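Asker: So that we are looking at the same thing, I have put the structure below in structure tokens.
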Amino acid sequence: MLDLLYPRSRTLDGFISTPNLLAIVSVTVFVSAPVSTLKKIFIAFQLDIHKPRLLSLDCLYHSDKQGNMDASEALHIKLEELQNFLDYTYAEAIKHSGGKRQFVAVHHSGALVPSPNEFDKVFERIYIGGEKTAKDIPELKKNQITCVINCAQGKRFGQVDTNEQYYADSGISYFGIPGHDSVKFDLSLYFKDAAEYIKEKLETGGVYVHCHQGISRSATVVIAYLMIYHKMTALKGLQTILQKRMVMPNRGFLQQLCKFQLSLEDTTPVAL
């Protein structure tokens, strides 16, 4: 039927068989869209079947007569690409853990995440971690950290109650973001200022970026820094950090990173 409505579409049929899934699938894509886009859609589709949970699949994206997708569709594709990669990474981590790793529940999603170290060096002189190390000034100095960025400043559940005064006598500079690990919190409002602060402070020492657990908010801010100053995509930034530390930005933050990427690429901005 879609072939009749859209003559330039192409249907790809495939047979999938796994221990838990047996299905015949049909994916329709538009040949007028860029080849790279079609490839990303199909890759996202392939990753979906490996998820620990079964989600609805939408691989149908409409393009205009010139083969260009609108901004909302571009955002959706980038978001699904990020989410699929993250889900696949953790599914593999769980599968290969063999019961030897401890797992923690991420309160914003209920997902099980392999327990990260208290902190890890994820990029040159940039560390991501949790509350414990943020409050351990001797440990920070031991690792030549001269700047702390608290992405969860506050006294509510899931926040860390430090401020400039906490580090006043230590010689450690401080930058605070009143972040909540919620899909509704707009962390992107702080991307540019935090990234600029990281860049400035890296000239004099290490930078410790943290939230409550060092899994969601802090990772998102570091990815934004990598996107601005190292010209990475959101996906490349996520991959870079995952090579060093198990992180899981919530879906709202992933969407904000995708939107931020589109703005850096001078793509028409879209509303969240």
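Glycine is no exception: its Cβ is also placed from the backbone N, Cα and C atoms.
TrEMBL lists these features:
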- 118-266: domain 'Tyrosine-protein phosphatase' (DOMAIN)
- 189-248: domain 'Tyrosine specific protein phosphatases' (DOMAIN)
- CYS211: active site, phosphocysteine intermediate (ACT_SITE)
Asker: Far apart in sequence but close in space: which same-chain residues, 6 or more away, have a Cβ under 8 Å from CYS211 (active site, phosphocysteine intermediate)?
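Answerer: Long-range Cβ contacts: GLY130, GLU131, ASN150, CYS151, ALA152, VAL160, GLY179, ASP181, ARG217, SER218.
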Asker: Count the residues of the domain 'Tyrosine-protein phosphatase' (118-266) that DSSP assigns to helix (H, G, I), to strand (E, B) and to coil, and report the three numbers in that order.
Answerer: 65 helix, 26 strand, 58 coil
